[in-house]
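**Student:** Handing you a structure now.
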Amino acid sequence: IAAVAGQEPQARGRPGPETLGAIPRREGGGAGLSLACKALAQDPLSCETSLRKLKFKGHGSVSPEEAAHAAPFHLDLWFYFMLQNWVLDFGRPIAMLVFPLEWFPLNKPSVGDYFHMAYNVITPFLLLKLIERSPRTLPRSIIYVSIIIFIMGASIHLVGDSVNHRLLFSGYQHHLSVRENPIIKNLKPETLIDSFELLYYYDEYLGHCMWYIPFFLILFMYFSGCFTASKAESLMPGPALLLVAPSGLYYWYLVTEGQIFILFIFTFFAMLALVLHQKRKGLFLDSNGLFLFSSFALTLLLVALWVAWLWNDPVLRKKYPGVIYVPEPWAFYTLHVSSRH
């Protein structure tokens, strides 16, 4: 800096006072920024503007600079998401029933458990890669805490879900409550039933909450940066259209089997409100935002059709007596499919 300012360069070692004087102090305010720009031999006005943008860039709404550069469609990440969701999450209980029991004894982890372990590692990695590609600067602290809670919840669910699905080989029926199951209600002492109810609570309630709340929070935070000022860029490419159907179908399974309809509908309407808010500013969803929003819209439609189809089922109505009636696919399977064989 001293050489640029026309001063004699100091010898190697401790810098002289005039060199230190070229670095603005924090209390200098705007004058300090102008001094730094002069020392760097740049135009003070343009340099100061750049420094202020660098210094005061926050995590609020999408800035015009961020909206001007829409991110390309992340075909690789969305495809990996779809593939691992169907194989490692939806395919877990199916693989457990397909593979011979002799290969995975009941007192050892099943093949579905290994699928779940892989899911607990791959999904956080894909979420972090998705956040890295966001055109908007997102708060890292919230992202890291959400990822940690996500892994904890998915790991809790791994244990509870493993035991619950292994109970299927002993006659456990998912369409009945824990205390109403034939293999549970006659256990002695009766305190054992409380232990199974605790296991069910960790699986279906605590595990799901700690798993899905940060998952949808991260997706919504990513979605908040998927806006562009160019309406021409608010289109989905062909591969994105092909991925909407399997993605929306998987989220239908996630919402119904995970019993997280309230969380899902809250996230969907928050996304809708954000779209309407940004539209007033002249911003439109980019290809990634359109893909995510279309997948969730398809999920909502499928959930509505699913509920309407099973609306008058007396057995499922008894298990899900609340105002929000969303039966689980596995409860439907044990009631209407496996019971016939």
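Heads up, the Cβ atoms here are built off N, Cα and C, so glycines get one too.
Worth saying up front: this structure is predicted, and the values here are computed from it rather than measured.
Take a look at what TrEMBL says about it:
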- 1-23: region 'Disordered' (REGION)
- 77-99: transmembrane segment (TRANSMEM)
- 111-130: transmembrane segment (TRANSMEM)
- 142-160: transmembrane segment (TRANSMEM)
- 205-223: transmembrane segment (TRANSMEM)
- 235-253: transmembrane segment (TRANSMEM)
- 259-277: transmembrane segment (TRANSMEM)
- 289-311: transmembrane segment (TRANSMEM)
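How buried are these features, and what lies next to them?
**Tutor:** Only residues 6 or more beyond the boundaries of the transmembrane segment (77-99), in the same chain, are considered here, and those with a CB under 8 A from a CB of the stretch are 110-113, 115-116, 118-119, 122-123, 126, 129-130, 133, 161, 165-166, 168, 239-240, 243, 246-247, 250, 253-254, 288, 291, 330.
Counting same-chain residues at least six beyond the ends of the transmembrane segment (142-160), those with a Cβ under 8 angstroms from any Cβ of the stretch are 113, 116-117, 119-120, 123-124, 127-128, 131, 199-200, 202-204, 206-215, 217-218, 221.
Listed as Cβ neighbours of the transmembrane segment (289-311) (distance under 8 Å, sequence separation of 6 or more from its ends, same chain) are residues 73, 78, 219, 222-223, 226-227, 234-236, 240, 243-245, 247-249, 251-252, 255-256, 261, 264-265, 267-268, 271-272, 275, 325-327, 332.
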**Student:** Under 8 Å between C-beta atoms and at least six residues away from its ends: which parts of the chain pack against the transmembrane segment (259-277)?
**Tutor:** 204, 208, 212-213, 216, 219-220, 223-224, 251, 285, 292-293, 296-297, 299-300, 303, 324, 326, 328
